[in-house]
Amino acid sequence: MTDYKNTLNLPETGFPMRGDLAKREPAMLQNWHDKKLYQKIREASKGKRSFILHDGPPYANGNIHLGHAVNHILKDIINKSKTAMGFDTPYVPGWDCHGLPIELKVEGLVGKPNENISASEFRQKCREYAKEQVDGQKADFMRLGILGDWDNPYLTMNFDTEAHIIRTLGKVIANGHLYKGSKPVHWCLDCGSSLAEAEVEYEDKVSPSIYVRFSAVDPVAVEAKFNAQGKGSGQISAVIWTTTPWTLPSNRAIALNSELEYQLVQFGDERVILATELVEAVQKVTGVEQVEVLGSAKGSDLELMRFNHPFYDFSVPFILGDHVTTDGGTGLVHTAPDHGLDDYIVGQKYKLEMAGLVANDGKFISTTPFFAGKGVFETNDLVLEKLKETGALLKLERIKHSYPHCWRHKTPIIFRATPQWFIGMETQGLRKQALGEIKRVRWIPSWGEARIDTMVANRPDWCISRQRTWGVPMTMFVHNETEQLHPRTLEILEEVAKRVEQAGIQAWWDLDPKEVLGEEDAKIYRKVPDTLDVWFDSGSTYASVVQQRPEFNGNSADMYLEGSDQHRGWFMSSLMLSTATDNKAPYNQVLTHGFTVDEKGRKMSKSLGNVIVPSEVWNKNGADILRLWVASTDYTGEIAVSHNILNSAGDTYRRIRNTARFLLANLNGFDPKRDLVKPEEMIALDRWAVSCALDAQNDIKEAYDNYQFHTVVQRLMRFCSIEMGSFYLDIIKDRQYTTKADSLARRSCQTALWHISEALVRWIAPILSFTADEIWGYLPQVEGRSEFVFTEEFYTDLFGLSESDKLDDNYWQKLLKVRAEVNRVLEQARNDKLIGAALEAKVTVYANDDIRPLLEQLGNELGFVLITSQAIVKPLAEADVAEGELAGLAVKVERADGEKCPRCWHYATDIGANAEHAEICGRCVENVVGEGETRNFA
């Protein structure tokens, strides 16, 4: 028996079936590093349109978590897809390196500055610690396959960056946005410092809920205002409600709404003043049964009436404020200008005293009656005792409510007035201009615009000063008596910035004021001891990084991309500073993604045991699986992840890899320069396959352009699984394996596979970067080919069907449906044990007048499309079987005629017709020793 195996064109490739990504990826990374891949991309992109995705700096503390991985993978997908679209996409990764978390870590190692170690040594230790953290995170980001200038990242602690942060402060001052004020700010007792809006979290807290009496100084005058002379009996009191009893020592007024109606009410054996709308609610809370309205008055008529403080020997006025509502409480608001923003604002209007009773450590100062030296929260109970003692406590409850907490310490914070430096939202029209700039930016998803618009519209002035050791100093001098900035402040800032550029921020702390002020001014001006809020550091990177790095060529950022929490963080601080200094937003587009949750929608937490660490994934599955999971998910909402979800991503990966392997294996022996077939000479099915790839590419490019990466993956899977896997690649196996190696039938097919491979590898490169790099190395080599797929643009040699193609896309789509119906009937026959493999079948397709001409066009090649040994087409009227699931079609399956050919596995009736090759069918004889069979369609 002759062995015809060596007459077949069997698929062959060194491209492995298994990805083994965890093992192979590190070697690829090393190759990228050794070959300077990032620099090669920059060189290949010179002169092209730029696209700048500016990296929001992660904080240089701790290992990267899954959220970091999601963020940087999304950025990398965008940069690589933009490169493939013909853009120059320089990417400079960065890190946020100053601030309290690093201070706390270093304190744990070496102790507090100025206690266990000098401040200058402490700063150096902070710098060293931050550098270690950056190096660790950098290695992790690189392991994810993210390309960027990792050798030259930006760090906010780089000397030149620190200098430019100081210069940005100078611009803020020059444009009139900075002022000093004693204003209530979020204050963390554990940090010993003010907090930015973005550093505040809200958690549930149990607090005392109290109703407090302020007795009237002149009860007769009160009766007159309410037109209730001589009515009722007992003491007259204004009743306030609060959940912060410790702020009562700082009370300096009671606020009413000028438009609300208030009533004087007989409340048991006393008389109280309440907002009309809240009388019933307060009665219910206090349990007072006897209630009678004695008179009413408008808030505006009660202004400046005075009431006695509940335990101090002074009285406070009624004042009017728009912030007073009837959403809860009594409609009369306890006002302590030191401890609330609304209180402060209305207090400024009425020139109320700022009591200043609470020190930096959260304890009452030594001159505070009754509470000196006590912490604010322990004072709550002491105040309650005092209120009971004076008879001022009307009602006490305990409630659970949402309360601001420090994001680092997870402890309750307070509002506290301290002397701080602010960027004014109303000065020079900053708020109005920022709101206008928001409208100019493209927000992705679109709801981001309304979110940041509301935040900017309602945000307070930005407190940019901090009382910390490790931070960029506010390099200013103020007058010892007037507290005014030195008249040469801008000049001094630039002089100090130059020194910082050479020696870092320590240059400021080491600076003798006489060096920049002269002998006389140094006597009357002192250094500002504060450092800048770290949000100022990162918020000014549009100036300290984007405007400085040569690869950006002076262009502003096209995109900022971070988690959705950054509307109130980095997006906000960047917008405020850029508008204040440059009169424009620092970005053209802002894209946000959601947070990672488990498959049940729960946050990642150690206590739930659902935390997935990125390194565990790449060590087990490979970084490409992590990248594919990120790309497959709609990042605009919460991003679900679990081991099951990652396994599903692995299944998707295998489908793509198997498709690539089939393509590569069947390009064995193909030399594009020698063997490429012109489109007009290609077989109809092959031309259609290339046109399918063109359609897929157009969809994929559009999805990349719209940052819809899950759509890219879905379209890719449709192409690999439906159009290719279950149709085209299945059909061509016979032609690939059995026709003459150099025949038009085979070379036409290989030409299609070549074009498809060249396109496919570019489609997946932004997402499956390691796998694309691997595929690139196994593709048939052509002259002038780039060493790496990442320097290439999307493939441009795909082509669509021409108008002269009778078998257009509509034709092949109908044929796909016919084939699906035939496969359904074949599967039934297989289940009925009539046949085993499809090639054991002869099918008779009974078709109506619409479908039959389509099938008849293929002639004897219909069997190759249906992958049956014989296929006959007859009118539907002749059918002796019922119509199936496709209207107008009935399919009859019988055992194929003839014997099985050992070479092509088709059943044929002409086996033995050729004496020299009696074992194989006539078609195989033609392909082995003749001119080779002719194919026109499939």
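Heads up, the Cβ atoms here are built off N, Cα and C, so glycines get one too.
Of the candidate ranges 58-68, 135-145, 784-794, Swiss-Prot annotates residues 58-68 with the feature motif ''HIGH' region'. Within the set 233-237, 428-432, 603-607, the record from Swiss-Prot flags 603-607 under the feature motif ''KMSKS' region'.
Counting only same-chain residues six or more apart in sequence, the Cβ atoms lying under 8 angstroms from the Cβ of Cys901 (Zn(2+) binding site) belong to Tyr907, Ala908, Ile911, Ile920, Cys921, Arg923, Cys924. Listed as Cβ neighbours of the motif ''KMSKS' region' (603-607) (distance under 8 Å, sequence separation of 6 or more from its ends, same chain) are residues 65-66, 595-597.
Close to the recorded Zn(2+) site, the chain also has Thr738, Pro902, Arg903, Trp905, His906, Ala908, Ile911, Ile920, Gly922, Arg923, Val925: residues not among Cys901, Cys904, Cys921, Cys924 whose Cβ is within 8 Å of the site's Cβ mean position. When the motif ''KMSKS' region' (603-607) is classified with DSSP, helix, strand and coil residues number 0 helix, 1 strand, 4 coil. It is 24 Å from the Cα atom of Glu562 (L-isoleucyl-5'-AMP binding site) to that of Lys606 (ATP binding site). In the structure shown, across all protein chains, Cys904 is the one of the binding-site residues Lys606, Cys904 with the greatest number of other Cβ atoms within 10 Å. On the backbone, the CA of Lys606 (ATP binding site) and the CA of Cys904 (Zn(2+) binding site) stand 59 Å apart.
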